[in-house]
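These come from TrEMBL:
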type: BINDING; residues: 483, 510, 512; note: Mg(2+) binding site
type: DOMAIN; residues: 43-154; note: domain 'Thiamine pyrophosphate enzyme N-terminal TPP-binding'
type: DOMAIN; residues: 242-355; note: domain 'Thiamine pyrophosphate enzyme central'
type: DOMAIN; residues: 446-564; note: domain 'Thiamine pyrophosphate enzyme TPP-binding'
């Protein structure tokens, strides 16, 4: 900081000179910067919003801050894009993620302010990167002049590093940019948005306060963004197809298809469904790929998760002569702690930007363009494929001689409650492991953050998912969350009521962090939580019991079954919360096995 009058005068003179230079540029622009009189213009803010509208975005999540308020005026005035207004930036990032997962082909949009706002959202954006979810993180930042002169503004680190937060976010976004002038603004916006959609990962864009209102040509808006993945090299693609067909013949056509997360994230659900229906090969899903293929399809066998799989699924997948793995994400919780027992020479992997045939990798050969051609070649084999036995994917409700709500009973019972087109959100841990082996109805969507695993994610995600489901005409949104997890992000219940979505929230009250108890510290105090008055939450956050919200407590199997069979409850015409009292040390089978495997790997004790 300047300490004497001479230094202060120099700084003032420098700022005045910069201001005069900018004024001169504005009044005496060169021909290259001039906009022809006949060319229509639009503000930078409205250009961004129009591009988002073209991507079928209807809601924006985030919080107001002094560096994004000018842009928010345009959002508020927009005829089709609405503002959700979250309780904090982390929750907003989760909501944008959930929105993008349900509204395939669109993106989630998060708006924060410089520094304090954007850093609060960093965890959520990193999770979207980890799990291949396209979210635009739009950040209102100081003006271009301030970024050059570096005054000690609020929300800065106080050392002049105005680019520090931008640099931080570069570690977990696929594309990033900073708007610096009106000449390049439109192209930069288009580049960042295109990469976000095509690569299905978050992008970060800085919007300076002094560029929000600047007029730029509308010309580029006449051409929609090209969100198709790059075409495959025809020669290499043909070679890859030949190799795949040769391996299938050598395998005596004993092929199993395994679908995973990127089947959904990279927009090949349609192509994959054509493949499995036209070829009739058996199909299974990894946990992150649940609902990529309809779980009512007769050739669908269930969830494969390595050692944790049901014996029937494990035997069928691991004994197949060839595995066609589509969109795989080989994380610990997605593979039964890396317990796939499948030799590389029996595997073909299709990904968004590469294909792997046994030990050979083919960069640039993406599954979006490859799959239809592969289906056309394989369709003639469906007669042989139909002879391969597929276990029936069912999970009957067990007969237990007590009224305690156990995990072994709960999950197949709520499975009977699900309807076609439901969106089911499960918190990482107890809920996500419990619901895996429950068959979902046709058209249902499963959301869980299995790889990133940020506790509390599901509550914010439910907000975005419910809005997206309403937009595209899906059925109910149903959340399963534990008493520990909901305490991190519970404020978003108020936003759900504010925007008018009506999820059904099943809250597992089992007195703390169950997954952590199974990993380590089964009786440790650090896995305990404060027991809230759960059925008072909705009214505390603005609801009116019996009118805009309804809460229940169930302590027995009979009470829960009665509620699940109630037509008024199932109609979901208001937001509802069901507190389910469950034993502290009970857990789904899959979670217990995963915890045991993780404990061996992580060695929590000396």
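Cβ atoms here come from the backbone N, Cα and C positions, even for glycine.
Curation plays no part in TrEMBL annotations; they are all automatic predictions.
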Next on the checklist: Give me the sequence-ordered set of same-chain residues, not including 483, 510, 512, with a C-beta within 8 angstroms of the centroid of the Mg(2+) site's C-beta atoms.
Outcome noted: 482, 484, 508, 509, 511, 513, 514, 529, 582, 584
Checklist entry - Over the domain 'Thiamine pyrophosphate enzyme central' (242-355), what is the model's average pLDDT? => result 96
Checklist outcome for this item: A correct count of other C-beta atoms within 10 Å of the C-beta of residue 512 (Mg(2+) binding site) gives 20
Checklist outcome for this item: Counting every protein chain shown, other Cβ atoms within 10 Å of the Cβ of residue 510 (Mg(2+) binding site) number 22
